[in-house]
Amino acid sequence: MPHDRKNSSRRAWAALCAAVLAVSGALVGVAAPASAVPATIPLTITNDSGRGPIYLYVLGERDGVAGWADAGGTFHPWPGGVGPVPVPAPDASIAGPGPGQSVTIRLPKLSGRVYYSYGQKMTFQIVLDGRLVQPAVQNDSDPNRNILFNWTEYTLNDGGLWINSTQVDHWSAPYQVGVQRADGQVLSTGMLKPNGYEAFYTALESAGWGGLVQRAPDGSRLRALNPSHGIDVGKISSASIDSYVTEVWNSYRTRDMCVTPFSHEPGTQFRGRVDGDWFRFRNGSGQEVAAFKKPDASSVYGCHKDLQAPNDHVVGPIARTLCAALVRTTALTNPNQPDANSAGFYQDARTNVYAKLAHQQMANGKAYAFAFDDVGAHESLVHDGNPQAAYIKLDPFTGTATPIANGGSTEQPGTPGGLPAGTGALRIGSTLCLDVPWADPTDTNQVQLATCSGNAAQQWTRGTDGTVRALGKCLDVARSGTADGTAVWIYTCNGTGAQKWTYDSATKALRNPQSGKCLDAQGGAPLRDGQKVQLWTCNQTEAQRWTL
């Protein structure tokens, strides 16, 4: 947690900065009691890709020691006694599921990756007394260059399981990840829209970024490199992002950027202004606390080098936020960062097209398309502090995927039905409820999350007609919209489809049948007081789990 600071003289200064959302945690969390999480949990891998054979690898670090885990979850350190010349690593592969099949292994407490390859085993090497040489397929000489593979990142420790689907290094074979909670429900992420895998490549090539695409000797697509790698090997031009960065630097010579990196500390803010080639940030006392040289394209796409983010509570959070604003090309349009509204992301013609398309093709809009995509909680990550099981589902390359559901099956849990009649709070998370701001029944007042209080603004009557009412008004999808991100507000009851809702007791989703989408906390986890509510593609995440 950031160090406490005396805020009495800083509050007036901080009020000049608009309130914005914060960075979320990535793959590190606050530890719960050690007894909460066992030494291993089951990991079920389901192969819906139609391809095989599949080879699995569980690789990572424990207590600073690198190694691999077998199917039973036993950790094996890599051999020592290795010098600076890489040597082949022991075969750590685990036989994966055949097409249409599943296998379950044990996932141990590690911080690392689960790799999976299609058709042939991968090649790993070790160096310098047991350090793993990870695949680096941006180099044509890498032994894994012509192998189709992908991986998920995970951390399992006493604080729970963090697992994500990642595109930080490349876009390749589609997959989902999930975690089962103690109540039996499964949170999942990573599912693509129908035909989203090929749609990504088509759009990337049409935008002139086809140099990132790597093909197998037979001409089939293997992956698209993340521009953080592509820029370093000359696969894309730096001209566009260089132009954008120059304009940003010039813009902030005469105005300030306000960075509010922590939602739980809205008073912790930093103001930055450009001086020469340096973007200099000050705290509330006017003291300079961080400075960043005008970054080159590699620094922006990789969020490193000139934008290096140390693991501290000042420079690192500022660097993360600044890099996210540059990658998403929101720095010019919004001086208050991080930007809370994803609708404004990637709108500049000079934007990171790779990241834009990765988010566009995700069913829930969330991706890990660059290193700090968790700024503002836009990353494809699920977490639970008491995980019962984990899931990876290898999805089809064409057509429509099905979401991970209870037990890791491909069937949706529960059957969406009617709306149970009754009156009471609509709870989400442990302490929050659906709320009419200021108990104001004016039409178009967008609903929000607020700490549960039991007042009239949080008492919702669920009718047999499918309506949800509070303060004499109906819960309504703004202007009968169907797009992700459409606001949900209260409005005079009118009997239209914009005011009809169903409830799935298994997934705890409140669904608007007219749009086919679910009631969603804007921006996802971490859930927080004041968070607006919207319509979004149903995804079984924490942001859509409502308790009647």
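We number each residue from 1, going along the chain as drawn.
Placed from the backbone N, Cα and C atoms, the Cβ positions cover glycine too.
Per Swiss-Prot, active site, proton donor is recorded for Glu153. As annotated by Swiss-Prot, active site, proton acceptor applies to Asp169, with the evidence given as sequence analysis. Per Swiss-Prot, the feature domain 'GH64' maps to 38-396; the stated evidence is sequence analysis. Feature annotation from Swiss-Prot assigns domain 'Ricin B-type lectin' to 422-548; the stated evidence is sequence analysis. Residues or ranges marked as signal peptide by Swiss-Prot on the basis of sequence analysis: 1-36.
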Other C-beta atoms that fall within 10 angstroms of the C-beta of Asp169 (active site, proton acceptor): 20
Tally of residues which DSSP labels helix, strand or coil - the domain 'Ricin B-type lectin' (422-548): 15 helix, 50 strand, 62 coil
Rounded Cα separation (Å) that holds between the residue listed as 'active site, proton donor' and Asp169 (active site, proton acceptor): 12
